[in-house]
Amino acid sequence: MLYCRSGFEKECAGEIQDKATQLEVYGFPRVKKNSGYVVFECYQDGDADKLAKGIDFSALIFARQMFAVAAEFEALPSDDRISPILAELSEIEAFPRCGDLRIETPDTNEAKELLKFCRKFTVPMRQAMRGKGLMWNKDNAKKPVLHICFVAPGHCYVGYSYPGNNSQFFMGIPRLKFPADAPSRSTLKLEEAFHVFIPREEWDERLAPGMWGVDLGACPGGWTYQLVKRSMFVHCVDNGMMADSLMETGQIKHHMVDGFKFEPDRKNVTWIVCDMVEKPARVAHLMGQWLLKGWAKEAIFNLKLPMKGRYDEVLQDLENLKTFLIENKVKFKLQAKHLYHDREEITIHIQCLSNISPH
């Protein structure tokens with residue numbers, strides 16, 4: 001089972017189908033429009049576990065969470081929802097002993113009405129699971145996570161995900177608060193990208209005070225805000241006006257030029273960030289150029305998606321970008337994700353692993 005943004009089930013299904021085929025696991029995705037999830041039905045027993053282990057979760061773009069389904073309950077009795085789940089799981093020999101329990105719903109308005117029930121249900125369910133030996137007596141982040149996902153009252157999928165190959169967040173969504181002094185809500189996209197793409201223990205080194213960043217298409221400054229907040233200096237490139245609150249920090253230089261034409265005058269930039277409303281292929285190529293020329297070491301940027309053929313567009317743009325970097329002998333690590341705060345767009349992170357001689 002995979003969670004995704006409502007309206008992106010088709011893209012999520014295309015992706016799981018591709019990844020399963022690569023692992024020689026065969027089946028088909030069950031897709032219900034705007035449901036916020038996809039269930040991939042495997043033809044062979046044990047294949048769901050193979051996918052939960054074998055698919056690199058961080059390589060999935062459209063999935064917010066992934067777990068192997070062990071059982072589906074379509075009509076749990078309202079007076080006792082615990083016993084049928086315990087009875088079923090106790091019969092499954094291969095079900096792993098779990099270290100954490102998450103009782104969740106897909107991210108739709110209808111399903112989220114069940115969240116209050118999910119919260120109330122968690123403590124008695126956890127106690128019952130521990131009593132049956134299905135969970136360890138103490139929370140253990142190194143053990144599998146037990147997921148119960150309610151898609152409707154009395155209708156749930158029960159399964160497990162593996163630590164290090166799942167989303168650490170409840171429902172696959174980081175809980176971020178909008179900072180009152182940020183100039184636009186887009187600031188949360190970049191903050192979420194830092195949480196998703198950069199391990200927390202590396203923040204001090206890779207998002208360090210005193211670094212220089214460049215923000216293309218910066219105004220009014222939602223993304224710049226995240227860099228300034230981390231005591232960085234920023235070249236803001238946009239013909240529009242920047243928020244006064246950012247200008248007053250003394251940490252930014254505003255360049256009123258086209259983002260596609262700006263060139264940094266010194267090679268001291270660590271971060272290039274970009275959230276321009278432009279054709280995705282054009283933005284991807286621009287970011288490739290920045291990294292190739294040694295103008296930045298890391299990039300986070302958004303690719304706006306077309307109305308149709310979104311998955312194909314993403315695959316094509318990423319393939320072209322990877323090919324461009326490989327042909328130019330740039331060593332890199334690339335991640336892409338349809339973040340919670342993204343809408344008709346995805347966010348890409350590229351870290352340069354090789355020092356490139358200036359061209």
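Backbone N, Cα and C atoms are what each Cβ position is placed from, and that goes for glycine too.
Annotated in Swiss-Prot:
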ACT_SITE  Lys304  active site, proton acceptor
BINDING   Ser186, Cys219, Pro220, Gly221, Gly222, Asp238, Asp258, Asp275  S-adenosyl-L-methionine binding site
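Distribution of Swiss-Prot features across the structure.
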{"residue": "Ser186", "record": "S-adenosyl-L-methionine binding site", "Cβ contacts under 8 Å, 6 or more apart": "Gly222, Trp223, Asp275, His341"}
{"residue": "Cys219", "record": "S-adenosyl-L-methionine binding site", "Cβ contacts under 8 Å, 6 or more apart": "Cys236, Asp238, Asn239, Gly240, Met241, Met242"}
{"residue": "Pro220", "record": "S-adenosyl-L-methionine binding site", "Cβ contacts under 8 Å, 6 or more apart": "Pro183, Ser184, Gly240, Met241, Met242, Ala243"}
{"residue": "Gly221", "record": "S-adenosyl-L-methionine binding site", "Cβ contacts under 8 Å, 6 or more apart": "Pro183, Ser184, Asp215, Cys236, Met242, Ala243, Leu246, Ile252"}
{"residue": "Asp258", "record": "S-adenosyl-L-methionine binding site", "Cβ contacts under 8 Å, 6 or more apart": "Asn239"}
{"residue": "Lys304", "record": "active site, proton acceptor", "Cβ contacts under 8 Å, 6 or more apart": "Val277, Glu278, Lys279, Pro280, Val283, Glu344, Glu345"}
Helix, strand or coil for Pro220 (S-adenosyl-L-methionine binding site)? Use DSSP.
coil
Provide the three-state secondary structure of Asp238 (S-adenosyl-L-methionine binding site) computed with DSSP.
coil
What whole-number value in Å do you get for the largest C-alpha pair distance within Ser186, Cys219, Pro220, Gly221, Gly222, Asp238, Asp258, Asp275, the residues recorded as binding S-adenosyl-L-methionine?
20
What's the number of neighbouring CB atoms sitting within 10 A of the CB on Asp275 (S-adenosyl-L-methionine binding site)?
22
